[in-house]
Amino acid sequence: MPAEDPINMGNNEEEKCKDKAQDDTVIEEKKEREKQKAVGVIQIFRFADKLDIFLMVIGLIGAAGNGLCLPMLNLVYGQVTDSILCFNSSIQNSSECNKFKPLGEQMTIFALYYVAIGAAVIVSGYAQVSFWVLAAARQTRKMRQAFFRSVLSQEMSWFDINKSGEINTRLNEDITKINDGIGDKIGHLFQNVSTFIAGIIVALATGWELALVYIAASPLIALSAAFCSKMLVSLTSKELSAYAAAGAVAEEVLSSIRTVVAFGGQEREIKRYTNNLEEAKKIGIKRAIVSQLALGLVFLFIYCSYGLGFWYGTIVILQNKGYTIGDALVIFFSVANSSFCIGQASSHFEAFSIARGAAYKIFNVMDQTATIDNYMTEGHRPENMKGNVEFKNVSFSYPSRPNVQVTVDGHDIRSLNVGHYREFIGVVSQEPVLFGTTIKNNIKYGRENVTDLEIEKAVKEANAYDFIMALPDKYDTLVGERGAQLSGGQKQRIAIARALVRNPKILLLDEATSALDTESESVVQDALEKASAGRTTIVIAHRLSTVWTADVIVVIENGAVAEQGTHKELMEKKGIYHSLVTAQSIDAAETDKQTETAQEMNRKPSLVKRLSSKISTRSEHLEEEEEKEDVKEESLPKVSFFKILNLNKSEWPYILIGTLAAIINGGAHPAFCIFFAKVSAVFSTNDPERIQREANLYSIIFAVIGVISFLTYFLQGFMFGRSGEVLTMRVRQMAFKAMLRQEMSWFDDKKNSTGALTTRLATDASQIQMATGSRLGLIAENVACMGLSVIIAFVYGWELTLLILAMTPFIIVTGLLETSALTGFANRDKKELQVAGKIAAETVDNIRTVISLTRERAFEEMYAESLQKPYRNSQKRAQVYGICFALSQSFIYFSYAATFRFGGLMLELGRTNSEELILVFAIVTYGAMSVGQSLSFAPDYSKAKSAASHLFALFEREPAIDSYCQQGQKPETFQGSVELRKVSFNYPSRPDVPVLQGLSIKIQSGQTVAFVGSSGCGKSTSVQLLQRFYDPYQGDVLFDNLDAKCLNIQWLRSQIAIVSQEPVLFDCSIAENIAYGDNSRAVPMEEIQRAAKAANIHSFIEGLPEKYNTKVGGKGTQLSGGQKQRIAIARALVRKPKLLLLDEATSALDNESEKIVQQALDQARQGRTCILIAHRLSTVQNADVIVVMKNGRIIELGNHQQLLAKRGTYFDLVNAQTIT
């Protein structure tokens, strides 16, 4: 790989970015072609095995059986009506009436029929819901595992294009939508389809001529449903893409929270997140309108067909064509219920359409074939590998892969089995990547079946044993989110131990000791040299003290070998290498020359050390230990549905109009029942002209109801769609903003890892959306229907209505039990899926480390194990949901039985008439169907309530250090003096481990103060206290003699700029990343370029095809470590800070670049206070004050010459870095 900066920046980097730009264009074109697609109806069940198919078949049979019950009810109802009208002396002759048994006896028989139907509903309803929920849980579990496995099998270039946050969104939100679409919603859909088909069959069998008139609108209904489905699939695909983009932004920001807060970028990131949400909102509104508009068309056609049917039905009855009023009502109710079921099915069909759209991109990833498949079984597997590596005429550019040859032991690397080959390689990267588990588990990832004795040996060789044993939990210590509980040096030593325990034939060290202090570096370097015995070791290094003993040192310039030889040979040439060594020399002229030299080491075969830098990988550290320990449940506020709606109060005009439209829609069914009862009752007269006249009138009224329904459904869809999407967007935005408001210790908590937070953002808002918006419109419609039904029923027959209402508590109790149980399951699911989300996010974000360790299967198994608890919850939920649903549905039929038996008695006693009885029954029928639909929303409401509890807990949390706080002093001027006065500190997540112990130091304005010392001594912690990421538990941090707690936190941070050891860039252009240094204004391009020149990055940028508009990729993956760090330096310079914090600011630079950038930093610190943290002592010798720390205390203080003269700890550190 090319070395850096004036020597090494050049054609290869330009080609790399050109290829990246071309590849991005291809990808964008591919994404454009993939828009608006969905998987096939059968294909979505591709993960169904034999047991799943069995469950679905039984579920279908149950749904079909449940759907048949309503048409059976209509058949009985037709006979009931004929009996009632005959009893009231209908137009039929007395001989016809005499065919009937006494009314009371008939009603008893009919009541028993209803009881039998209700019993059938218990069995079929349970099978319908329980089996489909279970089948969906089984399939989505396999789907998550398969998707995760397919992601792990992809080559690295795939991850350059697909952001880890977007992948996590697919795993959570998209598969959740699939689960929602292929679970109980399928059962409900088939129940409604079964009712529709059976109803049509019953109608045709009873009287085909009249039935055809009623179903004349069916083709139009089918066309509108097909159009709606196509539009929904298209819009859903776009909406999910927008949410995935928003999820990627959230993941990037939350994983880089310290950089965001340090540069005051919260508002900017909220705006960036909101922009993606805005796009999703617009699409969601369109989707709601399309859905409700199609439903409005359906009801327009239905009511018009009712009007036509009644008009024609009157004619055929009056003409004595063999139809009774009972037959006409059977036909009408069969077609009416069938039509109503189409409306009922629309929401379930929409969920299925959404699932198909979500599945498309999930399956598309699964079906991709990787060029380098990490799971491949083919390829040569040498039993022994010597480690001879040869590059033959290699040319390379990202992300394309030209025809090159790299051989290992004479084998073309492409002919080897990739997994087997990687088993022989150990890697320690420039930026150490640890996983969110214990120290022991991190080391065990190096090799399967490693023993505790081997772990201890590797830890001692990596010089990590002492600090590990000093920890309270020793090897079982959790390393924390993003490694927050360990210093950079400690992380790197654990990474080295992980590589050593692997016992590799080829050891790759990419700046393996760059984060170590001088003392540790010396010991670890000795350990690495010993570990290199018998294996090939390839080292990438900028610190030349680590390479001078190498067998061969290769200097690369512009992608080609410029010099090659031993240290002595290259120094004698006085070429590039000689100039690099000279630039790294430490001035010790005033001291006695150190006579001790590093011990000579045995030469190792093929020990090659290169001078370069590597594309860095950003790590995200998540916790997996929740299942291993009992974590006290956080207290969640009780959230009512109205509290959720209160967030929607600014949209009250939309909700008001939508509610009015929903009430009209809900009232259409009771109004229809009134006219229907009057039409039915008119047949009890013997006046054909009156019958025809009133039938004509009511037929026109039915058509008018249809037109009104079309208009009101459109209004309902638009108003609730808009208010619902605005609420969803607001909830996501509020949650994201609340997260960015929290203090750093909140992010250190393992429950608040990046993966958990992005999972919460994706799922909680999505679950609230399922119970608001358009769904809220349906609930309002059903409530209106039920309310008006009860009122009208009371008016027409209060005694009968009271009997019906007496059955209501049973339905309500089962509904409440169902809701309560499902809420509990939803809470557990949420917590446990967050654990799975953390594992997935951690794995994908650290994919290079996972693959280099060949631990894909280990993480795959870990992820699969994390899905076990949610699956077991699903099994229990399926049973509870199935039983409650079956009981609530059966009670409706039992109420029918009671209604007609009691109604018959009332009719016999003369307490009611046929019109009132028919009306009350019709009202009960539609009211019961509304209850049924409302109860079907119970799972969604339960999930929404659970999600709202977690979100409101976040909204209402008051952070210990509020980043948005407007209080505090804002001095007009800030001189830059800093004082740490008797500061003691430990991280809140590890209260038993002291980090700073009574630290006191006063830094004058304009001074440059360097902190040096061994890893973990508290240097970086001091910097974080100055940024007020944390507050000390004892002592004070003062700025210009003012307590930091009394200063406005935003003002304070605006005076400070930092360049961190591991630079964090964002997925935007180079110019935008540099301008990020000052988010309070629009930074002009001239100023951006000046900062870039000062950081020695301008020439490289200008050599790129898109110059400052070049995208750096997710976490800066398209740039090398040194390039990223120089952009980070430019970003800090743009801020024009009074206090400049440099935490290993030049650690990733090669020597020539370091010298130039150091000069730039020397100029930049003029007129401002600078605090420098460094292990490379050549960067601190010009500091005004050098502070040597150990165990959180200051042990030496003075300038370079003073400390050398003391011949103490600092003197020893300098001599350890001297190159001979």
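Using the three backbone atoms N, Cα and C, a Cβ is placed for every residue, glycine included.
Residues or ranges marked as region 'Disordered' in TrEMBL: 1-23.
Annotation source TrEMBL lists compositional bias 'Basic and acidic residues' at 13-23.
For the transmembrane segment (53-73), the list of distant contacts is 45, 113-114, 117, 120-121, 123-132, 134-135, 138, 186-199, 201-202, 334, 337, 341, 889, 893, 896: same-chain residues at least six beyond its ends, Cβ to Cβ under 8 Å. Taken from TrEMBL, the feature transmembrane segment applies to 53-73 (among others).
Taken from TrEMBL, the feature domain 'ABC transmembrane type-1' covers 57-352 (among others).
According to TrEMBL, the transmembrane segment annotation covers 111-135 (among others).
For 186-205 (among others), the entry in TrEMBL reads transmembrane segment. Through the fold, the transmembrane segment (186-205) approaches residues 56, 59-60, 62-68, 70-71, 74-75, 128-129, 131-132, 136, 211-212, 214-215, 218, 330-331, 334-335, 337-339, 341-342, 344-345, 348-349, 352, 936 of its own chain, all at least 6 residues removed from its boundaries and within a Cβ separation under 8 Å.
Only residues 6 or more beyond the boundaries of the transmembrane segment (211-233), in the same chain, are considered here, and those with a CB under 8 A from a CB of the stretch are 36-38, 200, 203-204, 287, 290-291, 293-294, 297-298, 301-302, 304-306, 308-309, 312-313, 331-332, 334-335, 338-339, 342, 346, 349-350, 353-354, 356-357. The feature transmembrane segment is assigned by TrEMBL to 211-233 (among others).
Proximity of distant same-chain residues to the transmembrane segment (289-311), defined by a Cβ-Cβ separation under 8 Å and at least 6 residues beyond the stretch ends, is recorded for 210, 213-217, 220-221, 224-225, 227-228, 231-232, 235, 331-332, 335-336, 339-340, 342-343, 346-347, 350, 665, 668, 672, 679, 695-696, 698-703, 705-707, 709-714, 716-718, 720-721, 774, 777. Residues or ranges marked as transmembrane segment by TrEMBL: 289-311 (among others).
Among the features that TrEMBL reports, domain 'ABC transporter' is placed at 349-583 (among others).
Among residues of the same chain six or more beyond the transmembrane segment (652-677), those with a C-beta under 8 A of the stretch's C-beta atoms are 299, 303, 306, 332, 645, 698, 701-702, 705, 708-709, 712-713, 715-716, 718-720, 722-723, 777-778, 780-789, 792, 796, 915-916, 918-919, 922-923, 926-927, 930. Annotated transmembrane segment per TrEMBL: 652-677 (among others), in sequence order.
As annotated by TrEMBL, domain 'ABC transmembrane type-1' applies to 656-943 (among others).
According to TrEMBL, the feature transmembrane segment maps to 697-720 (among others).
For 802-825 (among others), the entry in TrEMBL reads transmembrane segment.
For 878-897 (among others), the entry in TrEMBL reads transmembrane segment.
The annotation domain 'ABC transporter' is assigned in TrEMBL to 978-1216 (among others).
Summarised as a single figure, the pLDDT of the domain 'ABC transporter' (978-1216) averages 85.
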